[in-house]
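As written in TrEMBL, here are the features:
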TRANSMEM  20-37  transmembrane segment
TRANSMEM  71-90  transmembrane segment
TRANSMEM  102-128  transmembrane segment
TRANSMEM  140-160  transmembrane segment
DOMAIN    188-255  domain 'Mechanosensitive ion channel MscS'
DOMAIN    262-347  domain 'Mechanosensitive ion channel MscS C-terminal'
REGION    361-427  region 'Disordered'
COMPBIAS  372-419  compositional bias 'Basic and acidic residues'
Amino acid sequence: MEFFENLPGISQIPLGTRILAINVLIVFISFIIAWLLRKRIARLCTAPIRALTTRTSSNMDDIWTRHFEKVVGYVVLAIPLYASLLLLPFEPPWPQLINQLAFSLLLFAAFRFLYDVATTFFASVYRFEKLTGQKIDKALLPLISVSARSLVVVFGVVSIAQLWGWNVAGLVTGLGLGGLTISLAAKDILDDVLGYAVIITDNIFREEEYIVSAYAEGIVENIGLRSTRVRQLNQGLVTVPNSKLSDDWVVNWSRLEKRWFNFVVGVTLSSTADRIREFVQLLPERLKAREHVDEESVVVLFTEYDDSSLSILVRCYVNLPDWVDAHAERQEVNLLIMQTLHETGLEVAFPSRSLYLESIPGRSKNGASNNGDKRAAQSQHHQEHHREERPVEHQNKRSGDHPFSQDDDKHEIADKAAGDDDDGILD
């Protein structure tokens, strides 16, 4: 005290103020020392507990010990504050202020411990089941973890605020108005979080499942609080907001129990009733004999007359949810249908159209008109007369040496006759 009193200007400060300043300085220095030594003191206090935990094979007791060490560290910070109230003379309102500060540290330590407990409980599905003995969905775990820790934080803030005399009702009202403002500004984010809850609670799909929706088709890689990532067959990664997947239709192909085969076999119109009857009796027996075909679902029926075929309906279920295995079985069923068609003498029809030509007035029975015959005869006579008027030397030449041989003339006459023939048909 004499050291502080001998400092220049100290004597001019009132005695009460000097005592208060010295006490506050002592409290501050003790608090800094406690802050620097809190971890060592906490380890010394928890050393007996750690000695016991080293004898066990589980690592959970080690985790709880570390959480307890944090609580002890905050208690170490509160000890100098309470000690100052007992050893140092403080005038109001300092005792109340120091008491509130020390108790706030203890409340903070308690809620910090609860926060760490919630984090530990929901760190993994295995740990949650080991600690509680209850099973929980893996995809639902992050949402529960965030909710639990958020509740701890809210209750901790409200408790400390109430300790300091703040109007908690007004704070809650302000939080309500602020929450309303935030909810309006972040409506899409809240919709996506609620969509995540819907996807998980309704068990619409899970990771590693193949889905088809209006927004993406592929294998689900990750379901997050905000969005879901889907890997397409072309290896493209699509990110879809959870709100869209929860509000729209989704087909989950990974939860098939069996697949549906639906064929329509068209046979030629010339097929006889006996052959069709034999086919619709023989094919069901062969389908039911297959290992993966559901016997009760086999349907083979002659259903309708098509424009160019007779339609036979073939339907059945196969107990193969996997896409590759189901299509391999589909191939075998197709080959079985082909084999049965061949054995029963039926042929697969193809789209066709039949044209029927009737006789046209003015045409002869052999298909050529009289006027066409006359024009063909006149053309032939004209060509023969033209050849007779050619010079002798040209006629004696080999037909191959002349650019227009006799064979060409014959072909020309035949072509013209055919052309006249066509004119006669058109007439």
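Cβ coordinates come from backbone N, Cα and C, glycine included.
Quick caveat, the model's predicted, so the values are computed rather than measured.
Across the domain 'Mechanosensitive ion channel MscS C-terminal' (262-347), DSSP assigns 40 helix, 23 strand, 23 coil. Sequence-distant neighbours of the transmembrane segment (102-128) (same chain, 6+ residues past either end, Cβ-Cβ under 8 Å): 60, 63-64, 67-68, 70-71, 73-75, 77-78, 81-82, 134, 136, 138, 141-142, 144-145, 148-149, 152-153, 155-156, 159-160, 163-164. In the domain 'Mechanosensitive ion channel MscS' (188-255), the DSSP tally of helix, strand and coil residues is 23 helix, 24 strand, 21 coil.
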